[in-house]
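Asker: In case it helps, Swiss-Prot gives these features for our protein:
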- G36, H37, S38, G39, A40, G41, K42, S43: ATP binding site (BINDING)
- 2-218: domain 'ABC transporter' (DOMAIN)
Amino acid sequence: MIKFSNVSKAYHGATQPALQGLNFHLPVGSMTYLVGHSGAGKSTLLKLIMGMEKANAGQIWFNGHDITRLSKYEIPFLRRQIGMVHQDYRLLTDRTVVENVALPLIIAGMHPKDANTRAMASLDRVGLRNKAHYLPPQISGGEQQRVDIARAIVHKPQLLLADEPTGNLDDELSLGIFNLFEEFNRLGMTVLIATHDINLIQQKPKPCLVLEQGYLRY
């Protein structure tokens, strides 16, 4: 599914690389934690997989294709195979929950009626069909995070990435979010979760990639 071969990334003006010489492989159907303190390089690694950043060295393979060589016209096709869950939700506050979830499909060219049907099915999977016509400010933080997850999976991605998805939630809500990720993984989705929530990792043990100052330690 995903393979990093000696991947490095440095930002202009930075005193040290964000990522240095990374080598790892995530097989199809795996669920893995990406662990590290703030600034360790977790978000940068996820952005490289999404094609939002370019590596300075090395190769990143996704389903047998080197994504470091993709053109700007090919990147959108890559992103349709990947879902991304954010810590800060990034929901449009003037659009209803179902409109937020359907929007990526409409942007990709799907008819709004079909996109709405798919969005409702995605909300079903996260238990929020009953909040479909609410605005994001009218629902709780935990529910907004579930909306972001519904949006991330609405296009049925092969790979789901999550960047600190429980950073703003209490332990009980965090556990519920991780249960959703486990459910998607059981259904065949490959999942990579960037987190520093050690307590939750201990409750839900999975293979870990540990980043420290841009280096992969384990």
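Backbone N, Cα and C define each Cβ position, glycine as well.
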Asker: Along the domain 'ABC transporter' (2-218), what average pLDDT does this model show?
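Answerer: The average pLDDT of the model in the domain 'ABC transporter' (2-218) works out to 92.
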Asker: Show which residues of the chain containing G36 (ATP binding site), separated from it by at least 6 in sequence, have their CB under 8 Å from its CB.
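Answerer: Result: K42, A194, H196, V210, L211, E212.
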Asker: Hey, what's the Cβ neighbour count for S43 (ATP binding site) at 10 Å?
Answerer: 20
Asker: For H37, K42, listed as binding-site residues, tell me which one has the smallest number of other Cβ atoms within 10 Å.
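Answerer: It is H37 that, of the binding-site residues H37, K42, has the fewest other Cβ atoms within 10 Å.
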Asker: What are the non-local neighbours of A40 (ATP binding site), defined as same-chain residues 6+ apart in sequence with CB under 8 A from its CB?
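Answerer: Looking at Cβ-Cβ distances below 8 Å from A40 (ATP binding site), excluding near sequence neighbours, one finds L211, E212, Q213, G214.
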Asker: Hey, which of the binding-site residues G39, G41 is the loneliest by Cβ count within 10 Å?
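Answerer: Per-residue Cβ counts within 10 Å for the binding-site residues G39, G41 bottom out at G39.
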Asker: Three states by DSSP: which one describes G36 (ATP binding site)?
Answerer: coil
Asker: Sort S43 (ATP binding site) into helix, strand or coil using the DSSP assignment.
Answerer: helix
Asker: State the count of C-beta atoms found within 10 angstroms of the C-beta of S38 (ATP binding site), not counting that atom itself.
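Answerer: Result for S38 (ATP binding site): 9 neighbouring Cβ atoms inside 10 Å.
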Asker: Enumerate the residues of the same chain, G36, H37, S38, G39, A40, G41, K42, S43 excluded, that satisfy the criterion Cβ within 8 A of the mean position of the Cβ atoms of the recorded ATP site; list them in sequence order.
Answerer: A194, H196, L211
